[in-house]
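Visitor: Take this structure, written in structure tokens, and hold onto it; I'll ask about it next.
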């Protein structure tokens, strides 16, 4: 029962593909399952996974900004 | 007990302070009419960016997480750090998928994911399955929050001889919680979350700056943990993963992210937000909690480095590893600050426990009471039933802890994560397409549940000497593969569930089984605040709009 007086809405955007990065990268254990090089005493396993949090924040923010109200 | 007096005083003071806030919350952002499930159970669907951030953060990162994740790191090392990739992966998923659930729920007045499934697939049976799965998975989760409080009380020396005396503080705490949740609904945890999270952030910041300084730096902390794991006979512990548990690590992270997504309490938190912008913005702000969680996880290594010995467990000879973090605080902090830290954990249990009981109550009210017991229930009756259900749920959770071995709740929680995943094909895929047949979704759910129970039953735990329900890491050699690799049970079962659902869809379609009518339109999945059709609905005093 779509209302004919309005164009169909969508939130499709090529920018959404960027979100695959923070979904896939943190799951690739071979990337970070190492001890050296340590950073401030943290093995790679720990500091790199902390860095993925920033990766997640970064990509989500970019996608949010780029898709914001652009289709209204 | 006397050497813990300062801690107990600080803890009690802060606890009473937030309890007072819980009662006042009913007047905060006061609704016109509290006798409506939207008001009691979703805070009027009006929460903005900051409240949503605190509420969802306080909801997803529970007291149990704060106690159990470092306990896991303390015991097994790197494998426990899955909590970090898990909470990184979840936000992009929320951003893409949950936003659709928000829109369609906003448009149709859905309160629970089962409401959505009912309308989407025109199947009260499928909705009932989703609702019951949600309630069953949530109950032990609430009980686990009590374990978080109990670990703190134990460390402060608040124990007693008889079971009743030992549990009295928890019973009182939960009675207070139940009373203000009854009165204020979702507004209570939303307001308390501000205090809880502020306390947690302060405690953790102090801990991660001050403790490494006291313990000789991060390098020394990791080296001490490494030395402990080298010396232990368990082949699967260590500060890094080994060849056998990497698959378990990433499947558990992904599976847990999907499960969290489907838990009724996280959906309740998200549905309470005001509009799509609030949710999207929050998905880039909520990972601040993941950082916090990662740091909390590392408290497990600090406890190793500080030589913490966990307190004895409920059975003779066992240890309660959940006490390592409270003990670390008790040992390293001045007692007033340890009191603040304990209050942070204790209050941290209240926020999710309140939201979970509200979510379970919403499910019962909407998908069992209104569907099967009283079809013509008014909004006021719905709100009333939900309030009473939230009380029953909390009494049930307390009874679980008081009368049963706490291990039982931990087992149930483990099972809960696996069974909630079985609603993924109906809820998540349903948000995109209704290609899967409603009957096929039920068949897939049955297959996933059966396989899940069988797999969990097969897993022993060498450390605790248990033959069944020993964990969620399933050895692939049980399937006949020649390997030591383990995988997360939930991940396998949800794939099987999906496979069965696809096959059954082909069969049912070939047999021309009726598919029901979709009550939603593709436009509904993008509806936002101020949608003209919603405003129209809100103005009409028709009682059963929701049963569209």
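Every residue, even glycine, has its Cβ placed from backbone N, Cα and C.
In TrEMBL, annotation is done automatically, which means it is predicted and not curated.
Pulled these features from TrEMBL for this protein:
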type	residues	note
TRANSMEM	B:6-26	transmembrane segment
TRANSMEM	B:47-67	transmembrane segment
TRANSMEM	B:73-99	transmembrane segment
TRANSMEM	B:126-144	transmembrane segment
TRANSMEM	B:164-182	transmembrane segment
TRANSMEM	B:194-213	transmembrane segment
TRANSMEM	B:249-272	transmembrane segment
TRANSMEM	B:284-304	transmembrane segment
TRANSMEM	B:336-364	transmembrane segment
TRANSMEM	B:385-404	transmembrane segment
TRANSMEM	B:439-457	transmembrane segment
TRANSMEM	B:485-508	transmembrane segment
REGION	B:520-548	region 'Disordered'
COMPBIAS	B:530-541	compositional bias 'Basic and acidic residues'
Visitor: Can you tell me which recorded stretch out of B:73-99, B:126-144, B:164-182, B:194-213, B:485-508 has the most Cβ pairs within less than 8 Å of the transmembrane segment (B:6-26)?
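Guide: So the stretch in question is B:164-182.
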Visitor: Quick one: find which recorded stretch in B:47-67, B:249-272, B:284-304, B:439-457, B:485-508 has the most Cβ pairs under 8 Å with the transmembrane segment (B:126-144).
Guide: B:249-272
Visitor: Can you tell me which recorded stretch out of B:47-67, B:164-182, B:249-272, B:284-304, B:485-508 has the most Cβ pairs within less than 8 Å of the transmembrane segment (B:336-364)?
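Guide: Answer, by Cβ pair count: B:47-67.
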Visitor: May I ask for the residues of the chain that lie six or more residues beyond the transmembrane segment (B:47-67) and have a Cβ under 8 Å from a Cβ within it?
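Guide: For the transmembrane segment (B:47-67), the sequence-distant neighbours (Cβ-Cβ under 8 Å, at least 6 residues beyond its ends) are 83, 87, 141, 144-145, 147-149, 151, 186, 189-190, 192-194, 196-197, 200, 260, 265-266, 268-270, 272-274, 278-279, 281-282, 285-286, 288-289, 292-293, 296, 322, 325-326, 345-346, 348-349, 351-352, 355, 413.
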Visitor: Counting CB pairs under 8 Å, which listed stretch among B:164-182, B:194-213, B:249-272, B:284-304, B:439-457 touches the transmembrane segment (B:485-508) the most?
Guide: B:439-457
Visitor: Relative to the transmembrane segment (B:385-404), which of B:164-182, B:194-213, B:284-304, B:439-457 accounts for the most Cβ pairs at distances under 8 Å?
Guide: B:164-182
Visitor: Near the transmembrane segment (B:249-272), which same-chain residues lie under 8 Å Cβ to Cβ, leaving out any that are not at least 6 residues past its ends?
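Guide: Hits for the transmembrane segment (B:249-272): 41-47, 52, 55-56, 59-60, 78-79, 82, 85-87, 89-90, 93-94, 97-98, 101-102, 105-106, 110-113, 134-135, 137-138, 141, 186, 190, 241, 279, 352, 355-356, 358-360, 362-363, 417-418, 420-421, 423-424, 427-428, 472-473, 487-488, 490-491, 494.
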Visitor: Quick one: do the transmembrane segment (B:73-99) and the transmembrane segment (B:284-304) have at least 3 Cβ pairs under 8 Å, skipping pairs fewer than 6 apart in sequence?
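Guide: With 3 or more qualifying Cβ pairs, these stretches touch.
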